[in-house]
Amino acid sequence: MTTEGSCPFHHTAAIGGLKTNEEWWPNRLNLKILRQNSPLSNPMGAGFNYAKEFCSLDLSALKEDLRRLMTDSQQWWPADFGHYGPLFIRMAWHSAGTYRVHDGRGGAGSGQQRFAPLNSWPDNVLLDKARRLLWPIKQKYGRKISWADLIILAGNVALESMGLKTFGFGGGRVDSWEPDESVYWGVEQKWLEDKRYSGKRDLEQPLAAVQMGLIYVNPEGPNGNPDPVAAAVDIRETFTRMGMNDAETVALIAGGHTFGKAHGAGPASFVGPEPEAAGIAEQGLGWRSSYRSGKGADAIGSGLEVIWTRTPTRWNNDYFQFLFEYEWEPTKSPAGAWQWVAKDAPEIVPDPFDPAKKRKPTMLTTDLSLRFDPVYEKIARAYYEQPDLFADAFARAWFKLTHRDMGPRSRYLGPEVPKEDLLWQDPIPPVDHPLIETDDMNSLKAKILESGLTVRELVFTAWSSASTFRGSDKRGGANGARIRLSPQKDWPANEPTQLARVLAVLEQIQKEFNARSPKKVSMADLIVLGGCAGVEQAARNGGRSVVVPFIPGRSDALEEQTDVESFAFLEPWADGFRNFYKKGCSVPQEALLVDKAQLLTLTAPEMTVLVGGMRVLDANVGRSRHGVFTDRPGALTNDFFVNLLDMDTEWKPVDEREELFEGRDRKTGTLLWTATRVDLIFGSNSELRAISEVYGAADAQDKFVKDFISAWNKVMNLDRFDLAPA
């Protein structure tokens with residue numbers, strides 16, 4: 001009972017600061033990343049089809065509204081040089097620029113810049129204002145344009161409004177409604193720390209930025225040291241990690257810095273907290289500055305006060321002219337940040353707000369890298385001497401930057417999608433033949449099962465092909481059958497010797513079928529169909545008759561459509577579904593399993609049933625016996641769960657590393673099973689054990705088979721964007 005006037009609540013779970021399960025038990029497996037973007041957090045409802053809405057959008061009218069906004073300077077946040085274009089370019093760049101090739105995470109694909117931590121990264125200072133300036137347009141067009149698309153489109157229109165012919169624009173980015181907690185941003189506990197390095201300067205994978213809270217590099221130079229040559233090393237490493245080569249890197253840096261300015265009118269001590277830490281009255285904005293007016297000529301952002309060209313709102317070649325024709329010396333901004341000034345230049349650069357004032361050209365340490373790194377310098381001079389080459393290179397690199405995480409071109413929407421196939425889009429030839437039908441599928445499955453290929457070989461090959469898919473950047477998957485090509489055919493996880501034999505058998509079956517039928521079957525389809533045949537046979541071996549769903553329509557990629565260097569990033573460091581784990585990785589096996597499951601867009605129950613099924617199907621890499629808790633491998637049964645949960649078995653690690661375990665009979669000490677951490681986590685982790693108990697129950701066999709087939713079918717079709725709305 002409470003007295004009148006006193007609050008009955010002292011604390012509530014809705015307030016941050018309470019100790020979480022993860023803080024109580026830091027080594028606890030994080031399964032939250034397998035249940036992100038729940039319909040419970042999505043206000044649009046289950047029936048909302050963004051692709052349909054976007055295709056009904058009057059894109060021309062929207063772009064015209066954006067063009068008008070560019071020069072409609074607002075009193076609450078005035079536009080530098082009377083034009084918001086440079087601000088919107090930076091917003092779009094920083095939205096897309098978090099992408100990294102190692103795991104495909106980051107990028108502009110779901111509008112994550114609106115949420116923590118990205119909305120409060122030091123490198124994203126003042127971009128809260130850019131998004132808020134867009135709100136009237138987002139409000140006007142509502143559901144027809146996502147924030148994710150609008151952010152990138154605003155950058156495109158900004159470039160066009162300042163004289164650049166862009167390469168194109170593809171819509172189709174669907175907004176998320178919560179932070180993406182699957183992304184590992186680094187171990188640091190403070191902004192701008194760099195504990196991510198080891199050795200001389202080896203950047204931890206999969207990270208693609210030099211410090212916590214930066215998009216790429218420190219613009220002052222490594223750790224604030226104004227050394228252009230050393231900065232070039234960081235630039236090359238980080239831009240490579242987001243999929244850019246040297247020519248694209250030079251084009252992007254020079255093209256982006258053709259416009260606008262950096263903001264460092266005063267010391268950072270005048271700047272208030274970032275959006276996530278700001279008071280409720282700030283309404284989602286942050287970095288309120290008490291330095292003079294706090295805006296316009298008094299704005300403080302990065303702390304750098306740099307204007308690169310004479311025409312900061314027009315596309316031209318000033319950037320390279322200034323870079324090469326002037327001599328540069330280091331200086332400090334009013335905020336105390338290292339930058340460079342053209343010591344032999346006249347005052348020819350305009351002031352952003354006072355037309356009577358002029359400045360000397362200024363640049364960043366990372367700009368000077370394009371002159372003093374010998375490889376970058378050669379490229380930069382070519383762009384300087386050939387402005388048309390530069391304009392085309394920047395337009396193409398910008399398109400790649402802003403579309404890199406969208407997957408194949410078939411996912412792009414709208415009238416401005418370029419018709420040209422680009423190698424980084426992982427193109428696949430269109431299907432140009434009649435597809436097989438049910439009778440053909442049954443005939444082909446019979447041929448496959450009569451060929452001598454085992455259940456394990458069929459399941460293993462289909463999984464190896466399909467499980468390369470990454471929901472992060474929509475790369476990989478079974479479509480294209482790139483498992484036939486380098487580099488995938490040589491990955492140790494794919495058992496190259498066995499793979500070559502399986503593919504040879506399937507290719508002969510394909511050849512014979514295609515020779516006698518007007519309908520054709522691709523190798524991509526046949527590999528998946530073989531896996532389905534294997535699962536059906538395994539179910540029969542376990543006493544169940546089932547039909548595994550199969551939809552034809554895949555095509556076979558060509559070698560010239562496959563970027564070997566780029567596809568190398570899809571090679572698995574670990575695949576817990578096949579009990580594969582490369583040596584030398586410090587991340588626990590079970591954590592890498594969850595990471596893989598998240599990239600496959602699986603839920604915790606789907607992950608669980610797939611691991612249990614793959615074990616009894618004997619699908620471990622190298623045919624290891626770890627986790628094969630059954631005396632009838634090749635039969636689709638729930639034996640994995642029954643035996644894992646058997647309390648007559650006692651588990652102990654084989655050594656102090658606790659990566660391999662032996663399960664012995666508690667009474668006799670007889671060795672029954674061996675297991676990895678991935679296997680035992682399903683009995684150890686309380687959440688996974690709860691799911692395992694469902695599948696280990698006496699009445700669970702039918703449910704197990706049904707759920708395994710459902711999850712299997714999901715993985716086989718993850719890259720079939722032609723089957724489901726965007």
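Using the three backbone atoms N, Cα and C, a Cβ is placed for every residue, glycine included.
Feature annotations, reproduced from Swiss-Prot:
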- ARG90: site 'Transition state stabilizer' (SITE)
- HIS94: active site, proton acceptor (ACT_SITE)
- HIS257: heme b binding site (BINDING)
- 471-490: region 'Disordered' (REGION)
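Features per Swiss-Prot, on structure.
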residue: ARG90; record: site 'Transition state stabilizer'; Cβ contacts under 8 Å, 6 or more apart: LEU127, ALA130, GLY256, GLY260
residue: HIS94; record: active site, proton acceptor; Cβ contacts under 8 Å, 6 or more apart: GLN113, ASP123, ASN124, LEU127, ILE215
residue: HIS257; record: heme b binding site; Cβ contacts under 8 Å, 6 or more apart: TRP308, TYR319, MET363, LEU364, ASP367
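With helix defined as DSSP H, G or I and strand as E or B, the region 'Disordered' (471-490) counts 6 helix, 2 strand, 12 coil. According to DSSP, the residue listed as 'active site, proton acceptor' is assigned to a helical segment.
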